[in-house]
Amino acid sequence: MNAFPSTSRQPAALFDRTLLRGAVRDAVIKLNPAAQWRNPVMFTVWLCAALISVLWLQALAGQGEAPAGFIGANAAWLWFTVLFANFAEALAEGRSKAQAASLRSLQSRGNARKLRAGDDTGWDSVDLTTLRVGDRVRVEAGDLVPCDGEVIEGAASVDESAITGESAPVIREAGGDFSSVTGGTRVLSDCIVVRCTVNPGDSFLDRMIAMVEGARRRRTPNEIALTLLLVSLTLAFLMATATLLPFSLFAVEAGGQGSAVTVTALVALLVCLIPTTIGGLLSAIGVAGMSRMLAANVIATSGRAVEAAGDVDVLLLDKTGTITLGNRQAAAFLPAPGVSERELADAAQLASLADETPEGRSIVVLAKQQFALRERQLLSHDATFVPFTAQTRMSGVNWAGRQIRKGAAEAVRRHVEALGGGFSPELQRIVDDAARRGSTPLVVADGAQVLGVVELKDIVKGGIRERFGELRRMGIRTVMITGDNRLTAAAIAAEAGVDDVLAEATPEAKLALIRRYQAEGRMVAMTGDGTNDAPALAQADVAVAMNSGTQAAKEAGNMVDLDSNPTKLIEVVEIGKQMLMTRGALTTFSLSNDVAKYFAILPAAFAATYPQLGALNVMQLASGESAILSAVIFNALIIVALIPLALRGVRYRPLGAAALLRRNGLVYGLGGLLLPFAGIKLIDLALTALHLA
Amino acid sequence: MTTQMWMLLATFVLAVWLIAVPLGRVLALLVERAPQPLAGVERRLLRACGVSGAEQDWRGYAGALLLFNLAGALFLYALQQLQPVLPLNPQHFAAPTWDSALNTAVSFVTNTNWQGYAGETTMSHLTQMLGLTVQNFLSAATGIAVAFALMRGFARSAAAGIGNFWVDVVRITLWLLLPLSVLLALAFAAQGVIQNLSPDLTVALLEPLHTDAGVVGSQTLAMGPVASQEAIKMLGTNGGGFMNANSAHPFENPTAWTNVLQMLAIFAIPAGLCMAFGRVVGDRRQGWALLAAMTVLFVAAVAVILTQEQAGNPHFAALGVDQAASALQAGGNMEGKEVRFGIAASALFAAVTTAASCGAVNAMHASLMPLSGGVALLLMQLGEVVFGGVGSGLYGMLLFALLAVFVAGLMTGRTPEYLGKKISPAEMKPVVIAILVTPLLVLLGTAIAVGSEAGRAGLLNAGAAGFTEVLYAFSSAANNNGSAFAGLSANTPFYNCALALAMALGRFAVIVPVLALAGTLAGRIRATRAATDSVSAALPTHGPMFVVLLVLTVLLVGALTYLPALALGPLVEHINLIR
Amino acid sequence: MNARLSVCLSTLRPALSVFVLLTLITGLAYPLAVTGLARLLWPEAAAGSLAPSHRGAGASVLIGQSFSDPGRFWSRPSVTAPVPYNGVASGGSNLGANAPALREAVAARVAALRAADPDNALPVPVDLVTASASGLDPDISLAAAHYQAGRIARVRGMDRRAVDALIDAHARLPWLGFIGEPRVNVVLLNRALDGVR
């Protein structure tokens, strides 16, 4: 699935020992009701645990409504339920914090050379935390860049491996698309002047750390909507269980037999019914989603953006670098009439031997592949290479009396006509056909004789077609954006298998396209790196800026890809989807669980008033007390059992919505319905065997 | 179940569908405009009433609706209190007590038509016509208007308004309810439903009756304009009978044919609204999906009730009573049923009337077998969404559809959306409020009633059956059904007030959030999916899978909330009966 | 203040005028029109389906009556108050399936039927011992009628077959076998029985 693997900042193994220890400690600290208040479902459990603990104390004093051991065991397991949920959250946060710590170690500390205002040479050494937007700093070889900013003077090679994991240094220079530098990277050579574009604490690194640590993790819209649902379910179940007390008092009075249901049983029923599984794991899922994003080397500026990634309907992809390899490559030799393909290939190879451009290399390689023509060492044979110039717009070689030239059709035509030759109509047709296919025809001539055409094509990246097929199965439209003319664009689009194409794209056209999709209610994602991408990035719902891109692009986007890999968008979409799927799956699971819990607890709770309800005890649980306790224990343990799922996320498969739902509905809905019957029965057997209840 | 039952059920369901299709066309048309020749009349009438007809936002719409219903309630209360001095009161009935009048006013305005009184001995002809019949129309029109507003919310894109309440209520009353009612009333009258303004009629008995008080030689029969009220009682899923025995009374429901007509009339508009919804949102399959989900739940409920009632009462079998179905008798549990309806038509009616929030009865629900009564209860507790009330059934089902799509949509890895509208917290809030209101009212109301002296005073049956009476009363009131386990003596200040509160909140505390939802939805951009998208990224909401999903959501929410209460009532009763 | 008042009035006016308009149409015009049409088209039905009788005002064929003469067909039990088949107090027993009172009532009705016809050991058709929903049910099932035929023949000194034939003559069967139930109108049947004598 992961065609473009990224290696750095993988989250720690799920159950790293130190992380576990920290999480256990944090779980206990989070018992503080002030911390619980944020999560209404678990706060309800907390209150229930407190209430049962009081009842237990009362029972110890001999005033209990049930045996003290039974109440005490219930109280203990309710506290465990809260602790387990805390533990899940703490574990997720711990893993993120470990990632954040590795990031923080990059943060530059110490002093910076701040240029004095209105003075281009004088500088003061200041603490870099005092730098503000607009301040200019001088960064010399060996220095860490003190802030995110823009190079306004000079050029330097910069080691960005700390951020991107890419070891080769990159050139950053004033002006153009390579002017942005990131705080924490190291200048290797030369000296540049950088203008700070963010205040300390607002840099990408800072934002990333804040996001990861959860300090600024706000609830996403989906999370809020889900929380609303969970709270209302909790209220409904509170109502259903609380009213059972008057109902049972009435039953006792009307029937003249038995005793009312115990508060312990009702509270146990309540905690089992309310969606504790999803309630306890909800924030862990969110934190883990951010963490996965970071592991993919993408910094999201908000959880909202991550979530929106799951909703993307349309992907806008730049042709160059994303869909095609960066450069055109020789694809075929098309000889002129009377010339063999081999002759043409041989001449073309000779003409390209000294050509170090990617196109030139590709001609040499193609000739070698098709006709096993070896590269010849021509230097010893007294050959003269003719380099490409803007005037001739041709390159070639003079060797052994031959004058071999290759170049654009017009340039070569002028060249041969000057020598008394010319283009035959057949050749002209070959040239035109190639152009119509979206290729670039390169004409090869030997003296006045035209040998034929080398067809240069945009080469679509391997596997990209399959990738787009996957996206289509996910229901996502792909749109290729290119500056090429329509003809060329359409040809490449057909080969790459994109759904739509925007040719001759201008920044305005891109913006208009995004707006048009959005007006249809679609969510648009795009990647970009140039300053002219900034308006479109700002308009897109999910906008991934390349870390190698300009500062303007990065500011406009809501995510930054540290690897500067344009196809990363696909991974981003998957991570967003996984997060939503995990929430949905656990909600379904949580609700389905309730059926079995009713069958366990209802007959037990009403055994005294209505022994006939024993007919509901389909699991044949040993006793009322063991039935209630088993349900409570199952309810607590299932949280622990699902922590790995919450942290890893439900596996995403590129299927349509209907197929995904069928699959997840069966696994988590039907599974959630059946599993507790087995689980509660097993716990009941264990409790009975151990004489605990 | 006998062949006769299957035939009846299958014919009935088919007939409902056949009616729903053309009716849905008419309803969809009414959402947008009045039918052509009538549009001019409508415009003139509205102008005379000072209505501009401009689009209202949801607050304006809700305000108008509440004001209109308040006016209706006050008028109906006053009319009852003044009936002794008003004309058309041939039996010289006194005014009902304040609490009974309040209960009745709220009951008819909220489309519940719970009746704490006996119609033939309480209400004058004028009160029946000018008060009760009017609210039969207007409460139905109100419910349909809300459904219209919500449909517009789904269909519109980035719009501020959801329609105009005054226009909707006039249009629905005059061009939908009134013509259908006239036709139906005449059909009823042809079959023997009475329609007159006479005082009670005394007729001689064939055989004088010997009682402890002496010999009685004559029989007094209640009279009145029954057919006209009966028609709108069914069409508007109101259910409030002219007579105490409601549709079991031979003057309200004299033949097997009127019975079939009544059942069809109950389901006609709720089913038609589903079809209209599909048309309005531009995808008729969406309407069929809702109708299919309703049908599935309905048929399952009918199957239980039919089987239970036909099996009969084991206690009777022990006494040497023949309950087997044969060519000569319906058999089964005939307590509280009429011979002309037998088991099949009574059981079907019981399911129809509780599935829809009608509440008319042609058999006494208190005397149903415990499980049948439990199913009738559950049908109400599901929120009256299995066809449901006119309008309220559709908007209730749409709330569940949103809920189903929300949880299921998450599982497909996208922000859930229904009909191209994303479900964000702003949509979720009204949905959960509207869904929470009724369980809250039912459970709290029942708890207060069984926990108080005043509440326990009215019980007829003992133990679990008594509990069921109270649970049924609050389920019926809060869900605006109106049928009763009539053993409960509910014409007391406690029940009159408590149930009035449950009815009012169960109606308007749902309508207001639904209108808020309509307003929010209307303002959203509606995603239009191109036909070229071979795979739908969003969960499809028209196929069998969605139907199953919707059915499960309705069942899960209803069952999980009410299972404990149902276990202590009907379930205990059932186990007592079979052991 | 004045402005607010005018806003109030501008919302109140449609509320009141629409309400009055619809009340007059649906509460007066509609029921009166239906009354007029019904009286015109189906005068007997609209007035209560009264059958002419040799003793003054005829009974309604839709409303049942109570019979206790062993020589007549007995109707279904009615629990209307204070007398059975009270035409202004319709209603059923509302007793639950488990109610002891229901069991006792059915047992008493079975016993009464058996006492009136000691030779008949057949199981009693259920509709004959259970209270109807309205308390005014005019019908009994054909099974209930035939169950009583032997008793009536004996008391009246008629041929059993003549009684059965009379029942069959008045029997009403379901349309297409599934709309309606096999039944017979007790008032009409008893009147026919009286006519035979």
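Please read every residue number as a count from 1 along the shown chain.
A Cβ is built for glycine as well, from the same backbone N, Cα and C atoms used for every other residue.
As recorded in TrEMBL, the features of this protein are as follows:
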{"type": "TRANSMEM", "residues": "B:60-79", "note": "transmembrane segment"}
{"type": "TRANSMEM", "residues": "B:129-151", "note": "transmembrane segment"}
{"type": "TRANSMEM", "residues": "B:172-194", "note": "transmembrane segment"}
{"type": "TRANSMEM", "residues": "B:260-281", "note": "transmembrane segment"}
{"type": "TRANSMEM", "residues": "B:288-306", "note": "transmembrane segment"}
{"type": "TRANSMEM", "residues": "B:341-361", "note": "transmembrane segment"}
{"type": "TRANSMEM", "residues": "B:368-387", "note": "transmembrane segment"}
{"type": "TRANSMEM", "residues": "B:393-411", "note": "transmembrane segment"}
{"type": "TRANSMEM", "residues": "B:431-451", "note": "transmembrane segment"}
{"type": "TRANSMEM", "residues": "B:498-522", "note": "transmembrane segment"}
{"type": "TRANSMEM", "residues": "B:543-563", "note": "transmembrane segment"}
Most Cβ pairs under 8 Å to the transmembrane segment (B:60-79), of B:129-151, B:260-281, B:368-387, goes to B:129-151
Annotated stretches the transmembrane segment (B:498-522) and the transmembrane segment (B:129-151) touching (3 or more Cβ pairs under 8 Å)
yes
Between the transmembrane segment (B:393-411) and the transmembrane segment (B:129-151), are there three or more CB pairs that fall under 8 A, provided the residues in each pair are separated by 6 or more in sequence?
yes
Residues from the same chain, set at least six apart from the ends of the transmembrane segment (B:341-361), whose C-beta lies under 8 A from its own
2, 4-5, 8-9, 12, 111-114, 233-234, 237-241, 246-248, 256, 259-260, 262-263, 266-267, 270, 294, 297-298, 301-302, 305-306, 309-310, 325, 330-334, 368, 372, 375-377, 379-380, 384, 386-389, 392-393, 476, 479-484
Would you kindly list the residues that approach the transmembrane segment (B:393-411) from elsewhere in its chain, counting only those six or more residues past its ends and only Cβ-Cβ distances under 8 Å?
146-147, 150-151, 154, 237, 270, 273-274, 277, 290, 293-294, 356-357, 383-387, 417-418, 423, 427-428, 431, 434-435, 510, 514, 517, 538-539, 541, 546, 549-550, 552-554, 557
Cβ under 8 Å to the transmembrane segment (B:431-451), counting only same-chain residues 6 or more beyond its ends: which ones?
381, 383, 396, 399-400, 402-403, 467, 470-471, 473-475, 477-479, 494-495, 498-499, 502, 505-506, 509-510, 513-514, 517, 557, 561-562, 565
Any residues 6+ beyond the ends of the transmembrane segment (B:543-563) with a Cβ under 8 Å from its own?
285, 289-290, 292-293, 296-297, 377-378, 381-383, 385-386, 397, 400-401, 403-404, 407-408, 435, 439, 442-443
